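S.K.: Quick one: this structure, given as structure tokens, is what I'll be asking you about.
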Amino acid sequence: LAGTSSVARAWSATFDEIIGQHIEEFCKKYMTMDAPGVLAKYPDIFAVVIIIILTGLLIFGVKESALVNKVFTCINILVLGFVMVSGFVKGSIKNWQLTEQDIYNTSHSIYGDNQTQEEKLYGVGGFMPYGWKGVLSGAATCFYAFVGFDCIATTGEEVKNPQKAIPIGIVASLLICFVAYFGVSAALTLMMPYYQLDTNSPLPNAFKYVGWDGANYAVAVGSLCALSTSLLGSMFPMPRIIYAMAEDGLLFKFLAKVNEKRKTPIIATVTSGAVAAVMAFLFDLKDLVDLMSIGTLLAYSLVAACVLVLRYQPEQPNLAYQMARTTEETDNNESVSTSESQAGFLPEEEEKCSLKAILCPPNSDPSKFSGSVVNVSTFIIGFLIVGSCILTALEPSILIKAVWIIAAILVLIISFIIWKQPESKTKLSFKVPLLPLLPVVSIFVNVYLMMQLDLGTWIRFAVWMLIGFIIYFTYGIWHSVEATYAASADVERNTDAGSDSCK
């Protein structure tokens, strides 16, 4: 939702740049919102219109939207190639070697002798004008550039061989995105000084700067096509995610209704589009980007933790097996002998907690005890990483080395304990390599980047999470498929117990 809103805002700003910023001037004059730090300077009505149009396009189905997406993607590739080539042709390496004097000459007329304000806004020049802190802070904000691949994972039902196609598609899309963003950002910063780039529409502004006025409009149109592709990509998985959650009972059931004619979840599509439109209407582009980045970083941290935990868990019967087994026991009303296929689900002998059992597990297969060891170890690793990153963000100069050294040693020891536990032998088409090291590094990087975001982003994220918790704890937790099954199973057990006591 935040991704859709932010891209719609960027689309509106790029279009406004083409027509001479008349939309921005009109809105600032007649529709200002006086809530700095909370809401945008003015409501973006044009972004709302864009979301409404694309929501209607998605209602017509995947085929129609996919055709539009393919056309926009082709134009996008051509524009990106043109920008990269033009940037390296018209660019100058001097823009990567700016000195403090160059920046002072540019900003002195604006801020006078206020050197602190100059350094805050323009940095100190060179290839990394804001230092490593600026690089990491920028990475946290621009992380949204790599979040589009999640829509690939939501299309599993529409792929012939999703077990292989989805992992390959995700890795390939990330590599392509990296090359594209690396090339465009390098071209832009070579074409003009970084501090003169327009944050809302940098590509047309850069071509104006180098004197290619004719290319300015072509690139602006190409930027609109690129943003349209991104907008469709961010809007496409939204109704499907809402539909899946409604099917599981985590959201209201009416959101799972599918139109018989269009074969699309119209209510879910309209709902997601309406929420995205409201966010685009109220919030600024940077606030939306930061909100999307922090949510995505948290989600990826949880995914890394789940990968770490699930790899070391014992085999468990799925919900369908449990329901079938319960039904069979109810029908027969007698003890059921466990077959060989169910032997793996027999109750295990409880292992005693000891240092030997933790460091040298007696079984080659995961057990309930070894799974619990991994669960607790993962929680401790997460606590250490989050605590260290919070301390660093609050007091970047105090006891950094001591805190990080202690935390790193503890994380390595706990990771070693996890590595000693037996892994699940379930055969999968794709498995994350280098466990437990890779998920731990992923959690650390994600959490560290989250801590680089400002306080306003955390407040907006807290409000967003509060809304989600209210929906979950007042509705989802009581109406989910899992909760419904558990309740029915309890009723059946109580009924059987009552009938047995009457005999």
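Yeah, the Cβs are placed from backbone N, Cα and C, and that goes for glycine too.
In case it's useful when we look at the structure, here is the feature table from TrEMBL:
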DOMAIN    430-480  domain 'Cationic amino acid transporter C-terminal'
TRANSMEM  45-62  transmembrane segment
TRANSMEM  71-89  transmembrane segment
TRANSMEM  130-153  transmembrane segment
TRANSMEM  165-195  transmembrane segment
TRANSMEM  215-236  transmembrane segment
TRANSMEM  266-285  transmembrane segment
TRANSMEM  291-310  transmembrane segment
TRANSMEM  373-393  transmembrane segment
TRANSMEM  399-419  transmembrane segment
TRANSMEM  431-451  transmembrane segment
TRANSMEM  457-478  transmembrane segment
S.K.: Using Cβ atoms and a strict cutoff of less than 8 Å, what residues sit near the transmembrane segment (215-236) while being 6 or more residues removed from its termini?
M.R.: 3-4, 7-8, 10-11, 14-15, 17-18, 50-51, 54-55, 57-58, 62, 65, 68-69, 72-73, 75-76, 78-80, 82-83, 86, 148, 151, 154, 201, 203-204, 207-208, 272-273, 276
S.K.: Taking the transmembrane segment (45-62) as the first stretch and the transmembrane segment (266-285) as the second, find out whether 3 or more Cβ pairs fall under 8 Å, excluding pairs closer than 6 in sequence.
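M.R.: Yes, these stretches are in contact.
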S.K.: For the transmembrane segment (373-393), which partner among 130-153, 266-285, 291-310 gives the most CB pairs under 8 Å?
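M.R.: Result: 291-310.
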S.K.: When the pLDDT values for the domain 'Cationic amino acid transporter C-terminal' (430-480) are averaged, what is the result?
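M.R.: Overall, the domain 'Cationic amino acid transporter C-terminal' (430-480) comes to a mean pLDDT of 89.
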S.K.: What is the three-state DSSP composition of the domain 'Cationic amino acid transporter C-terminal' (430-480), stated as helix, strand and coil residue counts?
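M.R.: Computed counts for the domain 'Cationic amino acid transporter C-terminal' (430-480) are 39 helix, 0 strand, 12 coil.
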